[in-house]
Amino acid sequence: MRRLLIIGNWKLNGNKNTITNLIITLVNTFYNISKCNVAIAPPVMYLDITKRYLLNSRIQLCAQNVDIHLSGSFTGDISAEMLQDLNVRYALIGHSERRIHHKENDAYIAKKFFILKKVGLIPILCVGENKREYDSGYTQSVCINQINTIITLLGIEAFKNSVIAYEPIWAIGSGASASPENAQLVHKSIRDYIASYDTSIADKITIQYGGSVTPENVTKFFDQKDIDGVLVGAASLNANSFSMIVQTAENHKKSYPA
């Protein structure tokens with residue numbers, strides 16, 4: 001069985017005081033969570049302080065980005081080994097905001113995937129289509145092409161102990177999510193494509209949904225067979241909203257003890 005995975009992506013939000021208060025609240029709220037996995041991705045400046053508060057908690061640490069190099073003259077970047085030193089478990093790569101604002105392409109993202117696997121961190125590969133691609137019916141082919149770049153470079157084995165997050169670009173931050181039924185179709189197409197290479201990997205890989213996830217709509221996403229959790233943006237910055245999402249996952253029929 002696949003455990004539901006809930007990740008809060010805080011993006012470029014918060015300051016020392018607000019983030020500290022949010023972390024303390026979440027740690028105290030999630031002390032008895034045992035049937036789903038939870039992680040938070042604070043801004044890089046606050047990874048260390050977050051790590052300290054997460055010690056002995058039920059919450060794991062996720063990075064929002066990683067460089068393709070382990071060391072060298074790369075001003076402003078952070079390596080996978082540096083993240084490892086901070087007890088980071090997951091790292092987001094391929095997020096649409098990185099693709100759009102930093103011009104990261106599939107080949108560059110595949111290098112990030114490689115370096116994370118080399119160090120032993122779990123990559124969360126974000127895939128998804130823009131509004132034009134969605135309207136043209138290219139959703140599934142766009143996602144498959146983004147995944148196929150990883151397979152071409154690293155082989156299907158790279159997806160062992162990895163995560164894929166389907167995030168329709170047009171839904172992120174818009175307040176309009178994909179319908180759970182349509183999201184399920186995309187998730188199934190991704191799992192089926194991976195199964196065409198290796199059914200065991202396909203059965204075990206976690207595929208999250210992201211894009212305007214809220215406490216009000218999250219249950220219907222969890223109800224879908226191939227949706228194994230959610231990548232939460234704005235709602236994860238509100239302790240009550242994020243707690244409701246995590247508690248819904250904890251109580252869902254898909255969840256089970258470690």
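Positions of Cβ are set from backbone N, Cα and C atoms, glycine also.
Since this is a predicted model, take the numbers as computed values, not measurements.
Listed features, source Swiss-Prot:
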- N9, W10, K11, G173, S212: substrate binding site (BINDING)
- H95: active site, electrophile (ACT_SITE)
- E167: active site, proton acceptor (ACT_SITE)
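Shown on the structure are the features that Swiss-Prot records.
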residue : record                       : Cβ within 10 Å
N9      : substrate binding site       : 26
W10     : substrate binding site       : 23
K11     : substrate binding site       : 18
H95     : active site, electrophile    : 29
E167    : active site, proton acceptor : 26
S212    : substrate binding site       : 20
Check your understanding: Which binding-site residues from the set W10, K11, S212 come within 10 angstroms of the residue listed as 'active site, electrophile', judged by C-alpha positions?
Key -> none
Review point. Reported as an integer number of Å, what is the Cα distance between N9 (substrate binding site) and E167 (active site, proton acceptor)?
Key: 13
Check your understanding: In Å, rounded, how far does the Cα of W10 (substrate binding site) sit from the Cα of E167 (active site, proton acceptor)?
Key -> 15
**Study point:** E167 (active site, proton acceptor) and S212 (substrate binding site), distance between Cα atoms, whole Å
**Key:** 9
Study note, to complete from the structure: DSSP output for N9 (substrate binding site) maps to strand
